[in-house]
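Novice: Sending over a structure as structure tokens; questions will come in a sec.
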Amino acid sequence: KGLENHTVGSGFILLGFSGHSSLQGLCFAVFLVIYLVVLTGNSLIALITVVDSSLHSPMYFFLRNLSFLEVCYTSVTLPKMLVGFLMEDGRISFLGCAAQLYFLVLLGSIECLLLAAMAYDRYTAICDPLRYTLIMSRGLCIRLVVGSWIAVVPVQVGQTYQVFTLPFCASHDLHHFFCDVPPLLELACADTFWHRVMLYTIILVFAILPFSLIVISYIQIIRAILKIPSALGRHKTFSTCSSHLGVVTLFYGSATVTYLKQRPRDSVDADKYLALLYIIVTPMFNPVIYSLRNKEVRIALKR
């Protein structure tokens, strides 16, 4: 109990770029620009899918929710990182760390489910076009989004509670830019076997299973595209899902490398830099991918 009280009072220290103090100013400028790009790009995508009537379809309904998630996702971590760069102070309170971890894993899990829903939308549009409007009704789209939140919220409350009831009796120096489950478990002085079992179970349910559904959807999509006789027809059909495929590849590729690879002790620095890919780089490139690869979005932006 005393160890837990000590943890609550002292919190943690996010080391981040602490080994490169001369780069703090440069890092602040770079990450500030990245944050502004994420906010502006994703907010713009969300705005045009609301105000432009030609984008009032299930595909853009999901895209609007994805853009909202990306803004929230980066806002959980980047403002604290910017303050740390500016003040050269990586301290974060126990409750602040718990809140950051909760919203980070919550939004990340919801994004996995949302990407799976978007894959199902593209599967229905290409493989069953005659019944597309009947199947992908507004009611189903809303249920898919709301259901993602309802399914994830209690699970992530449980995981966050489980992590932060551990006794952190070792150093409170967190070798990361933000509070995440793996580096926090490294600081615990108790057996974390079941905590890691829960972590990988959650990854299986909310990341690997949705990814499997995405893969199955795209196998069916590719089969349907190959049956189209003309090359132009195949190209036009595939272009409707190429943006989503690019986002899935970027998000899952970086997250998988970070969470599922072997974690030797000397890979701490590599892990935290890899984490920046799915926390910052993916949300920054999502609006770029959708605006450059999607003709309807480009036309709406011009209007």
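A Cβ is built for glycine as well, from the same backbone N, Cα and C atoms used for every other residue.
Positions annotated as domain 'G-protein coupled receptors family 1 profile' by TrEMBL: 41-290. Taken from TrEMBL, the feature transmembrane segment covers 23-50, 62-87, 99-120, 140-157, 197-221, 242-261, 273-292.
If you look at the structure here, what lies around each of the features I listed?
Specialist: Panel annotation: around the transmembrane segment (99-120), residues 59, 62-63, 65-66, 69-70, 72-73, 76-77, 80, 92, 141, 144-145, 148-149, 151-153, 155-157, 159-160, 163-164, 178-181, 184, 202, 206-207, 210-211, 213-214, 217-218, 244, 247-248, 251-252, 255, 278-279 of the same chain, lying at least six beyond its termini, place a Cβ under 8 Å from a Cβ of the stretch.
Using a Cβ-Cβ cut-off under 8 Å and counting only residues 6 or more beyond its ends in the same chain, the transmembrane segment (197-221) has close neighbours at 105, 109, 112-113, 115-116, 119-120, 122-123, 126-127, 152, 155-156, 158-159, 162, 181-182, 185, 241, 245, 248, 252, 255, 259-260.
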Novice: Can you work out which residues elsewhere in the same chain, 6+ from the ends of the transmembrane segment (23-50), have a Cβ less than 8 Å from its Cβ atoms?
Specialist: 17, 56, 60-61, 63-64, 67-68, 70-71, 74, 78-79, 81-82, 85-86, 88, 280, 283-284, 286-288, 290-291, 297, 300-301
Novice: Take the transmembrane segment (62-87) and find every residue of the same chain, 6 or more past its ends, with a Cβ under 8 Å from one of its Cβ atoms.
Specialist: 14, 16-17, 24-25, 27-28, 31-32, 34-35, 38-39, 42-43, 45-46, 49-50, 96, 100, 103-104, 107-108, 110-111, 114-115, 117-118, 121, 141, 144-145, 177-178, 247, 279-280, 282-283, 286-287, 290
